[in-house]
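Residues annotated as compositional bias 'Acidic residues' in TrEMBL: 303-312. Here TrEMBL flags 284-312 as region 'Disordered'. For 12-31, 38-58, 64-84, 105-126, 132-150, 171-189, 201-221, 233-253, the entry in TrEMBL reads transmembrane segment.
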Amino acid sequence: GQGGHAYLREWLWWAGLLCMGVGEAANFAAYAFAPATLVTPLGALSVLVSAVLSSTFLNEQLNVHGKIGCILSILGSTVMVIHAPQEEEVSSLESMAEKLKDPGFIVFAVCVLVSSLLLIFVAGPRYGRSNVLVYVLVCSAIGSLSVSCVKGLGIALKELFAGKPVLKEPLGWVLLVCLVVCISVQINYLNKALDIFNTSVVTPVYYVLFTTAVMTCSAILFKEWQHMVLDNIIGTISGFLTIVCGIFLLHAFRDMPFPPDLLPLFLQQSRADLHASWRSADRHQSCQHRPLLPSEDKGSQSAEEEEEGEDV
């Protein structure tokens, strides 16, 4: 809330970063055994778990929109797992080096770097505090390259555990340095976006842009979509869009109250019981006032008869 880098002096921030690092280590291991197009969208489950835990331990309210978003995230993740693409087999750093030399990936990496520099030095000072897309786009674009570095380091660790002399390979160290730089840039500009804008806005936008960038990078680098049939392509895209809708409902309407008046009457059990009690009270009240009405009528009738007798 103070702006700048004041959070670096808070021990709680470092503790949270350490916990996130443990979780990302498990995510890191997943990239070594599964396509990035599958692993990255499944990160939406962490958003779902954090929403459930926050409602349990932090007493945050999870409204109807949030519950629907959680269900949609689970359904979308299931569909993506069923229709997951198969990447080309990359089992060594030599094959990873051949992938990185592909002209398509080189063009993609250059476009990412140039666009990120333009966003940082040109668009950032002008529109960074008024448009949420500026800093989030920087995190997403650089994040797509970091996922590629993670994939290569995962392969290097597998070879290291197999007894191969991986530490002598310069590619592994280059990927490690690139990963540290990319993650540092992501943390810096993601914290800037969270410092300026609401979390309910930054989180869904960042998830959508980051996942889209990672899927694009993986499709170019590992040719994951090259041998997919039409039904798997439709299933993967549908699952991803379902997750996007779930994340949007979970965060965009998190602070919006959902009163029970918007539900149909047959779903409002307490409201129906209250309405029934009101009706019974009205009936009871009408029974109490019922004897008064005839007496008033009877009194008025007797008064009219007396007046008629006096006139006579």
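In case you wondered, yes, glycine gets a Cβ from its N, Cα and C as well.
All TrEMBL annotations are machine predictions without curation.
Counting Cβ pairs under 8 Å to the transmembrane segment (64-84), the stretch among 12-31, 38-58, 105-126, 171-189, 233-253 with the most such contacts is 233-253. Within the same chain, the transmembrane segment (132-150) packs against the transmembrane segment (201-221): three or more Cβ pairs sit under 8 Å, each pair at least 6 residues apart. If you look at the transmembrane segment (12-31), the same-chain residues 6 or more away from its ends with a CB under 8 A from one of its CBs are 39, 43, 46, 147, 150-151, 153-154.
Sequence-distant contacts of the transmembrane segment (233-253) (same chain, six or more residues past either end, CB-CB distance under 8 Å): 37, 41, 44, 47-48, 51, 63, 65-66, 68-80, 82-85, 199-201, 203-204, 207-208, 211, 215, 225. Stretch with the most C-beta contacts under 8 angstroms to the transmembrane segment (105-126), considering only 38-58, 171-189, 201-221: 201-221.
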